[in-house]
Amino acid sequence: MKKQELNQAFTHVFGREADATFFSPGRINLIGEHTDYNGGRVFPAAITLGTYGAARKRDDKLLRFYSANFEELGIIEISLDHLIFNKKDSWTNYPKGVIKYLQEAGHSIDTGMDVYVFGNIPNGSGLSSSSSLELLIGIMAEELFDLKLDRLDLVKIGKRTENDFIGVNSGIMDQFAIGMGAEKKAIYLDTKTLEYDLVPLDLGDNVIVIMNTNKRRELADSKYNERRTECEKAVEELNVLLDIKSLGELDEETFDEYAYLIKDAKRIKRARHAVSENQRTLKAKKALAAGDLEKFGRLVNASHVSLEHDYEVTGIELDTLAHTAWEQEGVLGARMTGAGFGGCGIAIVAKDKVAALKENVGRIYTETVGYAPAFYIAEIAGGSRVLSRK
């Protein structure tokens, strides 16, 4: 969406020009799935699909929100003095949480805003539309109220909004990737220390294709929180003899030696995924840095296998996409990305084989599942940013 279109859309809804326009990306995760809340490593990248916004500062205490994605809801009005979760307020609960926690952190947001939002991340696709929105609202407030805001602090406020305001027990990966993203680079992040490297994403003659199951997933209502609880229980059981804060501290050899302490076969599988995926992510970074794309692809495939069999978060939709992609010519690797239970997969595929991938995977998926998937090329983008000022 062009800056001029954003301004025109804002003026059409609110009757006045915006003070500034903004963009906040979505994200994919190359590898390192369900490791961020297990104290492990992740390897995400911001993408050019994302959330556009325009905003104007008000003189009163009114927050007015409008989303072009939810036109039927019209303008949703909320008082700055009444920032509490209310299911009736739909998507605006995310902005409310961000503003509330910015205020609690000592930042002065003393008047309201008019906010226009348009996202081209498919809702429920697992490409982090909610985190994209959280960071968008954060940079709007930063710009309009001249806040002296450290980007990492804003990332943490986004995570807190997700956890404490919305009620989803997610890790920090999504907000970090969206807030700290850089063009043509992936972020290798240690979620325990928040130390990170920006790694050039040089895929040669290959591209990343996002494969959308078109099965919407509702994170808070899914088994996401259940998986986290299973892993936390496994840590408790391992700590009968070990002294660890998270599964991310273990290598596979140590885990295999002490896995007998976990008293439930299902929890052993969950913990084994967290440990092995963490090690795969470390190997994947090294493979990418060395230009060994074939090894990188094999690790991506192994990640899906572990998510399918040990963590059990895939389902027929994601499995059909990944398994079918593995059989296609020119595919280095494919797996689910995001929390699972629907959402999207990714495939790393030769540029000249993309059309065949779409045709073949699309056909087999439609025959198997009963409706068609969608495909997009993932361009790697910079993080949340101001597009224009008045």
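For all residues, glycine too, the Cβ spot is worked out from N, Cα and C.
Because the structure is a prediction, the values reported are computed rather than measured.
These features come from Swiss-Prot:
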- ASP174: active site, proton acceptor (ACT_SITE)
- GLU33, HIS34, THR35, ASP36, TYR224: substrate binding site (BINDING)
- SER67, GLY124, SER125, GLY126, LEU127, SER128, SER129, SER130: ATP binding site (BINDING)
- SER130, GLU162: Mg(2+) binding site (BINDING)
- ARG27: site 'Transition state stabilizer' (SITE)
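Proximity of SER129 (ATP binding site) to non-local residues of its own chain (separation of 6 or more, Cβ distance below 8 Å) is seen for GLY26, THR51, GLY119, ILE121, PRO122, ASN123, given in sequence order.
Look at HIS34 (substrate binding site): DSSP puts it in coil.
Of the recorded residues, ASP174 (active site, proton acceptor) and SER67 (ATP binding site) place their C-alpha atoms 21 Å from one another. Spacing of LEU127 (ATP binding site) relative to ARG27 (site 'Transition state stabilizer') is 5 Å (Cα to Cα, whole number). The maximal spread of the ATP binding site, taken as the longest Cα to Cα distance among SER67, GLY124, SER125, GLY126, LEU127, SER128, SER129, SER130, is 19 Å. Of the candidate binding-site residues, SER67, GLY124, SER128, the one lying closest to THR35 (substrate binding site) when CA atoms are compared is SER128.
Residues GLU33, HIS34, THR35, ASP36, TYR224, recorded as binding substrate, reach a greatest CA to CA spacing of 12 Å. Taking ARG27 (site 'Transition state stabilizer') as the reference point, the binding-site residues whose C-alpha atoms are within 10 Å of its C-alpha, out of GLY124, SER125, GLY126, SER128, SER130, are GLY126, SER128. The secondary structure of SER125 (ATP binding site), as reduced to three states from DSSP, is coil rather than helix or strand.
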